[in-house]
Amino acid sequence: MQVPSGYGLHPQNYIAPSGHYPQGPGKMTSLPLDSQCGDYYSGLYTVPTQNVVTPNTASQQPGAQHMYGRAPPATRIVGSAPGSFQGAASSTSHLHTSASQLYSPFVNHYSSPAMYSANSSVASQGFPSTCGHYAMSTVSSAAYSSVSYPSLPAGDPYGQQMFTSQNAPTVRPVRDNSFSGHSTAISHPSPLPPPPSHQYHQQQSLSGCNTLSWSASGLPSTQDNLIRNHTGSLATANSNPTNTGVDSSSTTSSASPMPNSYDALEGGSYPDMLSSSASSPAPAPEPEPAPAPAPSAPQPSKTAKPFGCGYPALQPGYQNATAPLNSGVPPSSPGYSGFQPYAQQYPGMNQLSSSLGGLSLQSSPQPESLRPVNLTQERNILPMTPVWAPVPNLNVDLKKLNCSPDSFRCTLTNIPQTQALLNKAKLPLGLLLHPFRDLTQLPVITSNTIVRCRSCRTYINPFVSFIDQRRWKCNLCYRVNDVPEEFMYNPLTRSYGEPHKRPEVQNSTVEFIASSDYMLRPPQPAVYLFVLDVSHNAVEAGYLTILCQSLLENLDKLPGDSRTRIGFMTFDSTIHFYNLQEGLSQPQMLIVSDIDDVFLPTPDSLLVNLYESKELIKDLLNALPNMFTNTRETHSALGPALQAAFKLMSPTGGRVSVFQTQLPSLGAGLLQSREDPNQRSSTKVVQHLGPATDFYKKLALDCSGQQTAVDLFLLSSQYSDLASLACVSKYSAGCIYYYPSFHYTHNPSQAEKLQKDLKRYLTRKIGFEAVMRIRCTKGLSMHTFHGNFFVRSTDLLSLANINPDAGFAVQLSIEENLTDTSLVCFQTALLYTSSKGERRIRVHTLCLPVVSSLADVYAGVDVQAAICLLANMAVDRSISSSLSDARDALVNAVVDSLSAYGSTVSNLQHSALVAPSSLKLFPLYVLALLKQKAFRTGTSTRLDDRVYAMCQIKCQPLVHLMKMIHPNLYRIDRLTDEGAIHVNDRVVPQPPLQKLSAEKLTREGAFLMDCGSVFYIWIGKSCDNNFIEDVLGYPNFASIPQKMTHLPELDTLSSERARSFITWLRDNRPLSPILHVVKDESPAKTEFFQHLIEDRTEAAFSYYEFLLHIQQQICK
């Protein structure tokens, strides 16, 4: 197989590079097979098992004979004879995961312990062990002479030691939290670093999977605190190590050997942290500063860990612990020398408290966020302007340096000191992330030295403290680190001796160009494979015409470089490959009819260089829409097609785009219809929200191991079991696109949406072979993740692809009291390969204050972040338990938080339903969530529609998810330039928001509803004819057609304003919204009125009735 240089399959006599690595791949112990180790792709997986990775010692593809040595009649070659069959052996293992797992509710009165839920939890995704689950070829260092590569254990290309729920060294329960999501025991791998010998040990677990452990005897307890893994509990070391040596992790120093896992690349402790080497001794812990007098606020005094010098608030220069603060000579003074002892003192508690401005809100007049609001009496609760993220209560300089809420938000901008205080507030604690979003300004740093904490591996950031010119203190674990010599030079100012002015310390969002130390292999090329359904159903829908035309238009805009590769497969009851090798006069179609044992004909010519074979690719795209016009094939062999795609992409990784139009009906992964149309309006049990088989999840995990993500485009007119199919994207970090009732001519709005979505999809930036880790201040821990990914270790998310439209969420708990610090920080690091082949690290750092009073906690609630986190938790609960349980838990979330506020903070009479201003929208948003497609009952909802809404909740960034939950309503027949904004020389009106109630609609007006993926323009029966003519292009109301999906471009002021406003709303959305013009009293208005969530329906409360229900529950 011809693959890019450095990606070939290594020969059997391959010899590993000498040095720190063993001479040859690691061996896997032969284990007895049991009933759990069946054939990997064998039909349906109906037997629920535990989250355990069980190895299969028998090779899945025993050499070329099994994979390619098929009889010639099995392949029909159209055009000319294919090339020779080539192949190589690879190995696989099995991940057996129960499809129906227990789930721990996210409200305090559901407290039964349980395993994590299927998608979001750490344990449930399974931590593949070293037993060959992800096989990858070892790369000879000769191909890339400037990069050293280790020999990796067989079947473990990343050197990544995985943990399962059975072999994790330590289990420690998470403290009970009202909104913890899973009050369960969490498996934490032991975070202790290796002893001075740097020698890791392997232990053979009962399941036969190798896990990492090392001898930790003799480590003093004072060092335990230094080397703690701050994303989880300190686990005890394994007491029974064996003598089998495994490669040690390495540092990021360019002189160090190559790391053998992403865990070593991005995270983990320095292996030499406890080394006896004198070259870089670990500095002793800094003594704690003396406690300061209690501030004027009525909160207990506390000894704060020094946090951030507050640049530029404090005087320039560096602080020494010997002289008073005001006795120094500023660096800019004539007598200043960069090498003199520094006269400024490091800020003590008095100065620090002053610079922070006092964190307790009790010392100042009551802030607006704590103003009591009587919800049952306040009629217009919704503000007329958009709801912005609350600004953390930091001093002005830290506010300037803090991360943008568009990238990083916390549900509480005031972090409680203790878990007990959090439990008392009855509020969820978690983070909402949009780590790869499109940015107009992003500091990109190219440096030989990426400065990180030697203990917890935090990247240097604006919130660290500089002890002096040569030392800085980590803001997450408080370790004192040396400032590297290279960091003393500032490339922006071209000055020396001012590391605190470096861009890394002046920006909370930065991107590093990573060195070869952050690579396990040479950066992969951009590889795109399109797998297309060409059954009769697909041809009838007509999506091929749109797809091929979009590809032809955007072929040159695909992200990549000169190495970009592309390939195409089509399938019905057979699988069709396309030979696009340079030099052919026309594309060759190769048909494989044996779907039970799929193999790749001519594997060296199926993925070709985009630029070398561009003409052949264009010929194929022009021919594809008409090639299957007369097909009579009604079956769909999606599973075998995905198996073939996995084999084709495994050597390099990349992106697989699958287009499917029906229920898979042949081969592995076939599905049966599970939807009962009579139950769509059920108010009781909603079944089949989880997958019918774990075939697609297992395949996704295989793809993730080979750095391949699968994006699913489902264009269906009937039930297609999205609950099962979506797993192939969920666990491979892919995307899901859904177009119900798609038809090229009968449903033109969906066709247009697909076209616009494809333009964005094909041209947006993309990151390959990515991993993401979130770190937090000592005392906090993460326990549940939400999004499309695979958890590679307890806190490392594997993202085969990352795109700018992907959002994530994580739940937090407070494991240790935060009484000794005034600030906490969170940092997310995304390590990825750009489409241009650069290894990059994008880092976001968020800083928040710590508070000790319950009132301060309520004052800092970010209600939108809280509702989005609760929505993610409710999706998990719906799948693992039931939809009714999830709905009950959402209602209880409101009841508990308002009840807690009323009994502890509010002094008003208990008969009123009172909320702080920060929480006044909480009941409204929860009611909106209960009426959303994902969770509503009593309203006819197709099963695939419901499942897709749940998928969107799990992977949409907050800004887009809020539009789905609570749409925005505007009146647009009276748009003016008053308050308008200017965007790209365009004047954009800003009409006020209207509450979602029919009482705000008037038959004399026109209203626009923004639901995120859908726009509705409702035209009143008595709407002004001038508006109808100027904006819609029709003379009067009666002449407006029933199915209008466009606004014409008319040369009128009203038309220009309306189109400018709608275009502004549409910009920068991951999914292009469909526009529906809805006439009053037309049948289409039903869907529009379903989004008026403040009104009563047959199956749901009105907003006022919901408030009375909440009040009744509180008063029980």
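The count begins at 1 with the first shown residue.
Heads up, the Cβ atoms here are built off N, Cα and C, so glycines get one too.
Curation plays no part in TrEMBL annotations; they are all automatic predictions.
What TrEMBL records for 177-186 (among others) is compositional bias 'Polar residues'.
Here TrEMBL flags 198-207 (among others) as compositional bias 'Low complexity'.
The compositional bias 'Polar residues' annotation in TrEMBL covers 232-247 (among others).
Per TrEMBL, compositional bias 'Pro residues' is recorded for 282-298.
Look at TrEMBL and you will find 327-338 (among others) tagged as compositional bias 'Low complexity'.
Among the features that TrEMBL reports, compositional bias 'Low complexity' is placed at 351-370 (among others).
Per TrEMBL, the feature domain 'Zinc finger Sec23/Sec24-type' maps to 450-486.
TrEMBL lists 523-762 with the feature domain 'Sec23/Sec24 trunk'.
What TrEMBL records for 767-851 is domain 'Sec23/Sec24 beta-sandwich'.
Residues or ranges marked as domain 'Sec23/Sec24 helical' in TrEMBL: 862-962.
For 989-1062, the entry in TrEMBL reads domain 'Gelsolin-like'. In terms of DSSP helix, strand and coil, the domain 'Gelsolin-like' (989-1062) has 24 helix, 14 strand, 36 coil.
TrEMBL lists 170-207 (among others) with the feature region 'Disordered'.
Under the heading region 'Disordered', TrEMBL lists 232-370 (among others).
According to DSSP, the secondary structure content of the domain 'Zinc finger Sec23/Sec24-type' (450-486) in residues is 2 helix, 12 strand, 23 coil. According to DSSP, the domain 'Sec23/Sec24 beta-sandwich' (767-851) comprises 0 helix, 58 strand, 27 coil. Summarised by DSSP class, the composition of the domain 'Sec23/Sec24 helical' (862-962) is 70 helix, 3 strand, 28 coil. In this model, the domain 'Sec23/Sec24 helical' (862-962) carries an average pLDDT of 92.
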